[in-house]
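A short worksheet on the structure shown next.
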């Protein structure tokens, strides 16, 4: 069986995501679509609006055959590391192709770009370190670098999906047998579009409408199972965790904060200075952000603090990856069975005594996530892969 991989977050799953899954199958000719999906904490450092089990269910009912969780150590990361984790798991699963969305309005040869980076990494690094403007954010620096070393590309690092597409291409090119890339142009709504019109809207616009209690506006833009979840489940945001985050920052010593992953350049002092005056998560971010430290960078740091993540813990997961199965259709289950002998990573279907140490960071992340609201179900123990048959 041929498999096409997609790397996703589904925050929440909407009609554009269903189109992506359909296009992945159609353009690649694959029998199976495999989604590597972030768990309860996401790439930009946000808690998911709906828990990972609800989002996996939405995916399985709308064109995805197998949902694998992207471990927290990979999911709450900059684009390059997020891509590194996703590609690693898809390669382990023997996927022949990768389909991803792009915000780019012009045709871009992502595979050629990935090959260029693979062959010119030292030049790229040298150009990056030669930049003199220390106030530029990482995306701004990378845009400047590629305008110098690869001018014909006209890359724009301001678009999140475009950045991810380039990161996928770079990482994919490092493997002996790269996957075939299928970029899909976004249908109607862009990543940052905050308005809803028609049946396709961005996840940003959907979340904004949900938090503004404008659920009727959202319903035409999502499949029925997502609509059901949005109407019956508690919606989660950073404000659910603000008391825990504030307590953690206040009670931690500077030395303890310094031990947190990505706590660099004295950010622990700035956090200590600003935390008492901040009355909400949003206010803390506004007080902390600068041209150099973007909202997203600081939001990821807040997640690392909340989860008490350390560099050693993150690197342990990077070196000891695994495939945690969240759900499958009969096709997805058959594919796992067919490829099991070739898969070099542990395949995990439930949290147990045998794998608790390996999954320790994910378990802790899930426990913290569950603390965000009393209505949230158990996320770790007693949970087995969801099964969905499209014919039922």
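Each Cβ is built from the backbone N, Cα and C atoms, and glycine gets one as well.
Annotated in Swiss-Prot:
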- 7-20, 101, 161, 186: ATP binding site (BINDING)
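Positions of the features from Swiss-Prot, shown on the structure.
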| residue | record | DSSP (3 states) |
| --- | --- | --- |
| 7 | ATP binding site | strand |
| 13 | ATP binding site | coil |
| 19 | ATP binding site | helix |
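Proximity of residue 10 (ATP binding site) to non-local residues of its own chain (separation of 6 or more, Cβ distance below 8 Å) is seen for 17, 37, 55, 58, 59, 203, given in sequence order.
Cβ environment of residue 7 (ATP binding site): 35, 36, 70, 82, 83, 86, 87, 90, 98, 100, 164, 168 lie under 8 Å away, each six or more residues apart in the same chain.
Candidate binding-site residues: 13, 19. Fewest other C-beta atoms within 10 angstroms, 19. All protein chains considered, the CB of residue 16 (ATP binding site) has 21 other CB atoms within 10 Å.
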